Amino acid sequence: MAETQHRHRLDVLGLFDNEYDSEGYRTCSVTGLEIHKSVENHVKLFGLTAVLFMVVGGFFAITVVGTRWEAIGLLSSSDYYIHLSMHAWSMLLFWIVFMEVAILYVGGPMVLGRKLPLTVLAKVGYAVMLVGALTIYYAIWTTSAPDQAPLLTAYVPLPSSPVFYAGALVFVLGVVVAALPFFVSIWQEKRANPGGTLPLVTFGAFITGIIAVEALLGGVVAFSSGLLWRLEIVTSLDAGWYRMWFWIVGHGTQQINLVAMIVVWYFLTHVVGGAEVVSEKVSRTAFILYLLFINMGAAHHLLVDPGISTGWRLWNTSYAFYGATFASLIHAFAIPAGIEAGRRKRGKGGGLFGWLTSAPWKNPMFAAPVIAIILFGFLGGITGVLMGQLQLNMAWHNTFATVGHFHSTVVLGTTITFMAVVYFVIRTMFLREFVSNRLASLQPFLYGGAMGVTALMMMYVGILYGVPRRTPEVVSNIPGTDFSLSAAEPLFVVFGLFAFVAIAGGALFVALAVGSLLFGKRIDPAGNGDLVSDGGSAVASQTMAPRDDLELADDPNDPVHAYEMRGTFVLCLLFLAAFVITYVLNWYLITQLWSIGA
Ligand code: HEM
Ligand SMILES: [Cu+2]
């Protein structure tokens, strides 16, 4: 009783006041899941916090772009690095990681129909993450000589404030604590259901969780040794050693992003798009390949480091890492194939691409993940494999093209996908209508389209002109040299304009999310029928129900894999063609590099 009153007193906006039965459960009309309020409320808390951090990150995107577009030339070089550090930590760590904890709670206890165990730890983890984040903000914002703004990497021997390292350590530990309730819920499920197999979504979330813990432990080593070094308890720290440990977390968190994003792709395309899992075994095998090989990818950040052998670099970034690349290719086939076969089965196919043209494109919870799949694949995935290769890396390394690559992965892929999760949480958990359905339909296209062009321009100026990353001024002036990059100027105009449109698209997302929470009409708990018209609970339960036999979910008299997938096959051929062309082009460009200085 006391607890209920407490909750109501704090909940002035009525954001946490859904109706539950006496046990604290309610049935979701979209997924058919039994949702316990402990899970739902924590998902809301982490999700909402994530959006607020995106506001900060988005603000600093304005100043960063306004500086790199030298026609504007907003910031001085000392301020530039502070703003860039704020942008990177707000977006890549705070926006994304708070969302990821929410996604773990959805993929674990929510899908399993369980309570969130150890809610105290969830709250402590949340508070510790928040303290860590604010400490990092403080450290970055008050940077003064001899300390330098850390950027994302805080590379030793660049001295960053010890407060920064402490904040990073606190944040990482907070994430580990917040993830514990997720693992406990999986453990509880296995004890209650010893012979059962985890649902696909939960299985993927579990793999995400394991990769996360590995990454975060790497972060503990990197940031705590950085801290000891800055406190002068340790007098010298090997730069190469730090880089290796840093990239366990720096790259590892990108792998969490990738796997969490793929889990969401399965979840949303099934719930709102009418997809079905074509083969459970194949999709699960791909997740296991990630578990085994994906960490090796961290080595691709060390491809130009002199301290490690060529063989080590080649092995980790090529041979071993292709195990993970292969897994991505499997998902890249399995997800569209699931959409195609599932929709054909439901009579929404027709022709080669009828399953796509008839899809619910106006629904941002469908459109956003599909836009993400396409843009991530063509722009982020292909370039990642290219630049992860020893020779081609020489042309990409530390150029603006690198920034183009990772904005294609973490923005066009992860961020757009997580925006769809936020929309989903607003409609099905906060039970609010969007303040404008039309703008909500438009937003993923606006943001994805503009950011897609922005990322391409980053790649062009980097690869074609060698424009470096992380510098406020190159086009008009490289101090102490006659070397000129001014030929890149016209491309920077395109870059700048589209980047500002993309930022407007991000602002629209925030306005829709916050506006709908504050002013959106309340949806009747049985409402939301429009979300499931193409798929819905019956199909959704397929990815989410625990089962004893992996193929049980599929109707044996009408198996989904018996439906045609030729549209997906054509799309895959297109992808392959794009891959080959880009690959050959990059090798051609590298041959042109020899003429430097000739
Ligand atoms: C409209 C949205 C965005 C725009 C226009 C934008 C623009 C930029 C630009 C121009 C830079 C490069 C600066 C340089 O190297 O000199 C940058 C860096 C960066 N951005 Fe973004 N960004 C956006 C959203 C995001 C998001 C959503 C994320 C993460 C999820 C992100 C993560 C990063 C990171 C990690 C860096 C690198 C910082 C470093 O070098 O240490 N950005 N951004
Ligand atoms: Cu990486």
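Using the three backbone atoms N, Cα and C, a Cβ is placed for every residue, glycine included.
Remember, TrEMBL labels are computer predictions, not curated facts.
Noted in TrEMBL for the protein shown:
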DOMAIN    45-519  domain 'Cytochrome oxidase subunit I profile'
TRANSMEM  45-66  transmembrane segment
TRANSMEM  86-108  transmembrane segment
TRANSMEM  120-143  transmembrane segment
TRANSMEM  163-186  transmembrane segment
TRANSMEM  198-224  transmembrane segment
TRANSMEM  244-267  transmembrane segment
TRANSMEM  287-304  transmembrane segment
TRANSMEM  319-339  transmembrane segment
TRANSMEM  366-386  transmembrane segment
TRANSMEM  406-426  transmembrane segment
TRANSMEM  491-519  transmembrane segment
TRANSMEM  569-590  transmembrane segment
Close approaches to the transmembrane segment (569-590) from elsewhere in its chain (Cβ under 8 angstroms; 6 or more beyond its ends): 332-333, 336, 352, 377-378, 382-383, 385-386, 391-392, 394-395, 463-464
Distal contacts, the transmembrane segment (45-66) - CB-CB under 8 A, six or more residues away: 15, 72-75, 80, 83-84, 86-87, 90-91, 94-96, 98-99, 101-102, 105, 126, 130, 133, 137, 178, 418, 421-422, 425, 496, 499-500, 503, 506-507, 509-510, 513-514, 517
Same-chain residues at least 6 beyond the ends of the transmembrane segment (287-304) whose Cβ lies under 8 Å from its Cβ atoms: 203-204, 207, 210-211, 214-215, 240, 243-244, 247-248, 250-252, 255, 258-259, 312-313, 316-317, 320-324, 326-327, 330, 387-388, 390, 393-394, 397
Interface present between the transmembrane segment (319-339) and the transmembrane segment (86-108) (three or more C-beta pairs under 8 A): no
Interface check, the transmembrane segment (406-426) with the transmembrane segment (244-267), three or more C-beta pairs under 8 A: yes
